[in-house]
Amino acid sequence: MEILHTAAALQAYTENCRRAGLRLALVPTMGALHEGHLQLVRAAAQACDVVIVSIFVNPTQFNNPDDFRLYPRLPEADANMLAPAGCTVLFLPSVEEMYPKPSVMKFDFGALERVMEGTHRPGHFNGVATVVGKLFHLSRPHQAYFGQKDWQQVAIVQQMVADLAFDLELVSFPTVREADGLAMSSRNRRLPAEARTVAPRLYAALQLAAEQLRQGASAAAAQQAASAYIASEPAFTLEYFEIADAQTLQPVSGWHPGQPVVVCLAAHLGGVRLIDNIVLQP
Ligand code: PAF
(Lines of atoms letter the chains of each structure in order from A and count residues from 1; the text may use other names and numbers.)
(Lines give C-alpha, C1' and ligand atoms only; values in the text may rest on other atoms or scores of the structure.)
Protein backbone atom coordinates (compact mmCIF):
# COMPACT_ATOMS: atom_id res chain seq x y z
CA MET A 1 0.00 0.00 0.00
CA GLU A 2 1.38 3.41 -0.98
CA ILE A 3 0.90 6.41 1.28
CA LEU A 4 0.60 9.75 -0.51
CA HIS A 5 0.46 13.13 1.17
CA THR A 6 0.17 15.63 -1.65
CA ALA A 7 -2.50 16.44 -4.19
CA ALA A 8 0.10 16.42 -6.97
CA ALA A 9 1.29 12.91 -6.04
CA LEU A 10 -2.27 11.60 -5.97
CA GLN A 11 -3.08 13.21 -9.33
CA ALA A 12 0.06 11.77 -10.92
CA TYR A 13 -0.66 8.33 -9.49
CA THR A 14 -4.28 8.22 -10.64
CA GLU A 15 -3.40 9.58 -14.09
CA ASN A 16 -0.94 6.72 -14.56
CA CYS A 17 -3.56 4.20 -13.44
CA ARG A 18 -6.12 5.64 -15.85
CA ARG A 19 -3.58 5.51 -18.70
CA ALA A 20 -2.92 1.86 -17.87
CA GLY A 21 -6.65 1.16 -18.21
CA LEU A 22 -7.17 0.37 -14.52
CA ARG A 23 -10.46 0.92 -12.71
CA LEU A 24 -10.24 3.17 -9.67
CA ALA A 25 -12.36 3.35 -6.54
CA LEU A 26 -12.30 6.12 -3.93
CA VAL A 27 -13.38 5.62 -0.32
CA PRO A 28 -13.37 9.06 1.34
CA THR A 29 -13.10 8.93 5.15
CA MET A 30 -12.12 11.01 8.13
CA GLY A 31 -10.25 8.08 9.69
CA ALA A 32 -10.64 6.37 13.08
CA LEU A 33 -11.71 3.50 10.90
CA HIS A 34 -14.15 0.79 11.91
CA GLU A 35 -15.75 -2.23 10.30
CA GLY A 36 -18.20 -0.02 8.38
CA HIS A 37 -15.31 1.65 6.56
CA LEU A 38 -13.53 -1.66 6.01
CA GLN A 39 -16.63 -3.16 4.36
CA LEU A 40 -16.59 -0.28 1.89
CA VAL A 41 -12.89 -0.86 1.19
CA ARG A 42 -13.41 -4.61 0.68
CA ALA A 43 -16.34 -4.01 -1.66
CA ALA A 44 -14.29 -1.44 -3.60
CA ALA A 45 -11.42 -3.92 -3.90
CA GLN A 46 -13.79 -6.53 -5.36
CA ALA A 47 -15.05 -4.09 -8.00
CA CYS A 48 -11.93 -2.11 -8.94
CA ASP A 49 -8.21 -2.59 -9.57
CA VAL A 50 -7.07 0.35 -7.46
CA VAL A 51 -8.63 1.42 -4.16
CA ILE A 52 -7.79 4.89 -2.89
CA VAL A 53 -8.78 5.59 0.71
CA SER A 54 -8.53 9.20 1.84
CA ILE A 55 -8.22 10.08 5.50
CA PHE A 56 -8.76 13.76 6.12
CA VAL A 57 -10.54 15.34 9.08
CA ASN A 58 -12.05 18.12 7.03
CA PRO A 59 -12.22 21.36 9.06
CA THR A 60 -14.72 23.05 6.74
CA GLN A 61 -17.50 20.59 7.52
CA PHE A 62 -17.38 21.06 11.30
CA ASN A 63 -19.67 23.74 12.66
CA ASN A 64 -18.48 23.01 16.20
CA PRO A 65 -14.77 23.66 16.92
CA ASP A 66 -14.75 21.21 19.86
CA ASP A 67 -16.14 18.45 17.67
CA PHE A 68 -13.30 19.11 15.19
CA ARG A 69 -10.65 19.24 17.92
CA LEU A 70 -11.85 16.07 19.62
CA TYR A 71 -12.50 14.05 16.47
CA PRO A 72 -10.42 10.86 16.89
CA ARG A 73 -7.21 10.81 14.84
CA LEU A 74 -5.45 7.44 14.57
CA PRO A 75 -3.55 7.44 11.27
CA GLU A 76 -1.14 4.62 12.18
CA ALA A 77 -3.79 2.19 13.42
CA ASP A 78 -5.90 3.12 10.37
CA ALA A 79 -3.03 2.43 7.96
CA ASN A 80 -2.49 -0.99 9.52
CA MET A 81 -6.12 -1.95 8.91
CA LEU A 82 -6.29 -0.72 5.35
CA ALA A 83 -3.78 -2.87 3.48
CA PRO A 84 -5.38 -6.21 4.53
CA ALA A 85 -8.81 -4.85 3.48
CA GLY A 86 -7.54 -4.22 -0.07
CA CYS A 87 -6.55 -0.55 -0.03
CA THR A 88 -3.89 0.23 -2.64
CA VAL A 89 -3.30 3.92 -1.91
CA LEU A 90 -3.80 5.80 1.31
CA PHE A 91 -4.15 9.54 0.74
CA LEU A 92 -3.28 11.44 3.94
CA PRO A 93 -3.15 15.16 3.13
CA SER A 94 -2.61 18.03 5.55
CA VAL A 95 -5.12 20.87 5.91
CA GLU A 96 -2.70 23.18 4.00
CA GLU A 97 -2.52 20.65 1.16
CA MET A 98 -6.30 20.43 0.79
CA TYR A 99 -6.89 24.13 1.38
CA PRO A 100 -3.85 26.08 0.12
CA LYS A 101 -6.20 29.07 0.19
CA PRO A 102 -9.48 29.31 2.09
CA SER A 103 -12.27 28.19 -0.24
CA VAL A 104 -15.01 30.73 -0.84
CA MET A 105 -17.31 28.84 -3.21
CA LYS A 106 -20.74 28.04 -1.75
CA PHE A 107 -22.97 25.11 -2.59
CA ASP A 108 -26.73 25.28 -2.22
CA PHE A 109 -28.50 21.94 -2.36
CA GLY A 110 -31.96 23.46 -1.96
CA ALA A 111 -34.59 21.45 -0.12
CA LEU A 112 -32.20 18.52 0.31
CA GLU A 113 -30.14 20.47 2.81
CA ARG A 114 -32.89 22.49 4.49
CA VAL A 115 -33.67 19.54 6.76
CA MET A 116 -31.93 17.46 9.44
CA GLU A 117 -28.11 17.77 9.36
CA GLY A 118 -28.32 20.72 6.99
CA THR A 119 -30.48 22.67 9.43
CA HIS A 120 -28.74 21.60 12.61
CA ARG A 121 -25.16 21.93 11.33
CA PRO A 122 -25.03 25.16 9.31
CA GLY A 123 -22.33 25.00 6.61
CA HIS A 124 -21.77 21.28 7.10
CA PHE A 125 -22.79 20.17 3.62
CA ASN A 126 -20.93 23.05 2.02
CA GLY A 127 -17.77 21.68 3.63
CA VAL A 128 -18.62 18.10 2.67
CA ALA A 129 -19.33 19.01 -0.96
CA THR A 130 -16.15 21.11 -1.19
CA VAL A 131 -13.87 18.38 0.08
CA VAL A 132 -15.59 15.50 -1.72
CA GLY A 133 -15.54 17.50 -4.97
CA LYS A 134 -11.80 18.11 -4.53
CA LEU A 135 -11.17 14.44 -3.79
CA PHE A 136 -13.16 13.46 -6.90
CA HIS A 137 -11.05 15.81 -9.04
CA LEU A 138 -7.75 14.64 -7.55
CA SER A 139 -8.47 10.92 -7.80
CA ARG A 140 -10.86 10.75 -10.80
CA PRO A 141 -12.39 7.48 -9.58
CA HIS A 142 -14.74 5.28 -11.59
CA GLN A 143 -16.59 4.54 -8.35
CA ALA A 144 -16.89 6.30 -4.98
CA TYR A 145 -18.04 4.52 -1.84
CA PHE A 146 -20.10 5.98 1.03
CA GLY A 147 -21.87 4.57 4.07
CA GLN A 148 -25.62 4.98 4.47
CA LYS A 149 -25.34 5.99 8.14
CA ASP A 150 -24.90 9.47 6.63
CA TRP A 151 -28.06 9.09 4.54
CA GLN A 152 -28.43 12.80 3.85
CA GLN A 153 -24.75 13.06 2.88
CA VAL A 154 -25.24 10.33 0.29
CA ALA A 155 -28.24 12.21 -1.15
CA ILE A 156 -26.25 15.48 -1.27
CA VAL A 157 -23.21 13.88 -2.93
CA GLN A 158 -25.51 12.13 -5.43
CA GLN A 159 -26.98 15.54 -6.30
CA MET A 160 -23.51 17.05 -6.70
CA VAL A 161 -22.42 14.18 -8.96
CA ALA A 162 -25.49 14.77 -11.14
CA ASP A 163 -25.32 18.59 -11.16
CA LEU A 164 -21.58 18.78 -11.89
CA ALA A 165 -21.52 15.75 -14.22
CA PHE A 166 -18.83 13.86 -12.33
CA ASP A 167 -18.15 10.80 -14.44
CA LEU A 168 -18.36 8.25 -11.64
CA GLU A 169 -20.73 5.81 -10.02
CA LEU A 170 -21.72 6.41 -6.43
CA VAL A 171 -21.97 3.21 -4.42
CA SER A 172 -23.51 3.21 -0.95
CA PHE A 173 -23.64 0.48 1.66
CA PRO A 174 -25.98 -0.09 4.61
CA THR A 175 -24.94 0.94 8.09
CA VAL A 176 -22.84 -1.60 9.97
CA ARG A 177 -23.91 -2.11 13.59
CA GLU A 178 -22.36 -3.39 16.78
CA ALA A 179 -23.92 -6.60 18.15
CA ASP A 180 -26.22 -4.49 20.38
CA GLY A 181 -27.47 -2.39 17.46
CA LEU A 182 -25.39 0.77 17.90
CA ALA A 183 -24.44 2.14 14.48
CA MET A 184 -20.67 2.00 14.02
CA SER A 185 -19.18 5.47 14.05
CA SER A 186 -15.74 6.95 14.60
CA ARG A 187 -17.30 9.13 17.31
CA ASN A 188 -18.34 6.05 19.36
CA ARG A 189 -14.76 5.91 20.66
CA ARG A 190 -15.44 9.09 22.57
CA LEU A 191 -18.48 7.71 24.42
CA PRO A 192 -17.91 7.36 28.17
CA ALA A 193 -18.52 3.75 29.38
CA GLU A 194 -21.89 4.53 30.98
CA ALA A 195 -23.14 6.34 27.90
CA ARG A 196 -22.00 3.45 25.71
CA THR A 197 -24.32 1.06 27.61
CA VAL A 198 -27.43 3.14 26.81
CA ALA A 199 -26.37 4.20 23.29
CA PRO A 200 -28.13 1.25 21.54
CA ARG A 201 -31.45 2.81 22.58
CA LEU A 202 -31.13 5.11 19.60
CA TYR A 203 -31.44 2.19 17.20
CA ALA A 204 -34.22 0.71 19.35
CA ALA A 205 -36.09 4.03 19.00
CA LEU A 206 -35.68 3.93 15.22
CA GLN A 207 -36.97 0.36 15.18
CA LEU A 208 -39.92 1.36 17.34
CA ALA A 209 -40.87 4.15 14.93
CA ALA A 210 -40.40 1.86 11.92
CA GLU A 211 -42.65 -0.80 13.47
CA GLN A 212 -45.36 1.76 14.21
CA LEU A 213 -45.20 3.10 10.66
CA ARG A 214 -45.44 -0.43 9.24
CA GLN A 215 -48.56 -0.94 11.34
CA GLY A 216 -50.14 2.19 9.84
CA ALA A 217 -49.36 4.82 12.50
CA SER A 218 -48.97 8.41 11.33
CA ALA A 219 -45.45 9.87 11.17
CA ALA A 220 -46.39 12.26 14.00
CA ALA A 221 -47.49 9.38 16.26
CA ALA A 222 -44.43 7.26 15.46
CA GLN A 223 -42.15 10.24 16.01
CA GLN A 224 -43.79 11.02 19.34
CA ALA A 225 -43.53 7.43 20.60
CA ALA A 226 -39.87 7.15 19.61
CA SER A 227 -38.97 10.57 21.04
CA ALA A 228 -40.67 9.67 24.33
CA TYR A 229 -38.71 6.42 24.44
CA ILE A 230 -35.43 8.31 23.99
CA ALA A 231 -36.46 10.94 26.56
CA SER A 232 -37.09 8.17 29.14
CA GLU A 233 -33.27 7.93 29.41
CA PRO A 234 -32.16 11.32 30.76
CA ALA A 235 -28.61 10.91 29.41
CA PHE A 236 -29.89 11.71 25.89
CA THR A 237 -30.60 15.11 24.42
CA LEU A 238 -32.52 14.57 21.21
CA GLU A 239 -31.65 17.09 18.49
CA TYR A 240 -34.11 15.87 15.86
CA PHE A 241 -36.18 12.85 14.97
CA GLU A 242 -37.49 13.03 11.38
CA ILE A 243 -39.53 10.74 9.18
CA ALA A 244 -38.95 11.64 5.55
CA ASP A 245 -39.17 10.50 1.95
CA ALA A 246 -35.97 8.50 1.44
CA GLN A 247 -35.11 10.34 -1.81
CA THR A 248 -36.32 13.91 -1.37
CA LEU A 249 -35.74 13.91 2.43
CA GLN A 250 -38.93 15.94 2.86
CA PRO A 251 -41.22 15.06 5.78
CA VAL A 252 -43.99 12.52 5.12
CA SER A 253 -47.26 12.01 6.97
CA GLY A 254 -46.82 8.25 7.20
CA TRP A 255 -45.48 5.23 5.38
CA HIS A 256 -47.32 4.10 2.28
CA PRO A 257 -46.06 0.87 0.78
CA GLY A 258 -44.42 1.88 -2.48
CA GLN A 259 -42.75 4.94 -1.00
CA PRO A 260 -39.35 4.35 0.65
CA VAL A 261 -39.15 6.29 3.87
CA VAL A 262 -36.12 7.08 6.04
CA VAL A 263 -36.35 7.63 9.78
CA CYS A 264 -33.41 9.75 10.97
CA LEU A 265 -32.24 11.06 14.31
CA ALA A 266 -29.45 13.03 15.91
CA ALA A 267 -28.88 12.98 19.65
CA HIS A 268 -26.24 14.04 22.15
CA LEU A 269 -25.00 11.48 24.64
CA GLY A 270 -22.05 11.75 27.01
CA GLY A 271 -20.73 14.82 25.19
CA VAL A 272 -20.86 13.10 21.79
CA ARG A 273 -23.24 13.83 18.92
CA LEU A 274 -24.56 10.65 17.29
CA ILE A 275 -26.70 10.17 14.19
CA ASP A 276 -28.49 7.10 12.91
CA ASN A 277 -31.28 6.12 10.52
CA ILE A 278 -33.39 3.25 9.34
CA VAL A 279 -34.97 2.84 5.91
CA LEU A 280 -38.42 1.38 5.25
CA GLN A 281 -38.41 -0.05 1.77
CA PRO A 282 -41.63 -0.82 -0.11
O1 PAF B 1 -18.48 10.80 5.93
C2 PAF B 1 -17.35 11.28 6.15
O3 PAF B 1 -16.51 10.68 6.81
C4 PAF B 1 -17.03 12.67 5.61
O5 PAF B 1 -18.14 13.49 5.62
C6 PAF B 1 -16.39 12.62 4.21
C7 PAF B 1 -17.33 12.05 3.17
C8 PAF B 1 -15.11 11.80 4.25
C9 PAF B 1 -16.02 14.04 3.76
O10 PAF B 1 -15.12 14.64 4.64
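Every residue gets a Cβ built from N, Cα and C, even glycine.
Long-range Cβ contacts of Gly36 (ATP binding site) within its own chain (separation 6+, distance under 8 Å): Gly147, Lys149, Phe173, Thr175, Val176, Met184, Ser185. According to TrEMBL, the ATP binding site annotation covers 30-37, 147-150, Val176, 184-187.
Of all the Cβ atoms in the protein chains shown, 26 others lie within 10 Å of the Cβ of His37 (active site, proton donor). The active site, proton donor annotation in TrEMBL covers His37.
In sequence order, Gly123, His124, Phe125, Asn126, Gly127, Val128, Val131 make up the list of same-chain residues 6 or more apart from Gln61 (beta-alanine binding site) whose Cβ falls under 8 Å from its Cβ. Feature annotation from TrEMBL assigns beta-alanine binding site to Gln61.
Per TrEMBL, (R)-pantoate binding site is recorded for Gln61, Gln153.
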Separation of alpha carbons, Ser186 (ATP binding site) and His37 (active site, proton donor) (Å): 10
Cβ under 6 Å from ligand 1: qualifying binding-site residues of Met30, Gly36, Gln148: Met30
Other CB atoms within 10 A, centred on Leu33 (ATP binding site): 27
Neighbour tally for Gln148 (ATP binding site), based on other Cβ positions within 10 Å of its Cβ: 17
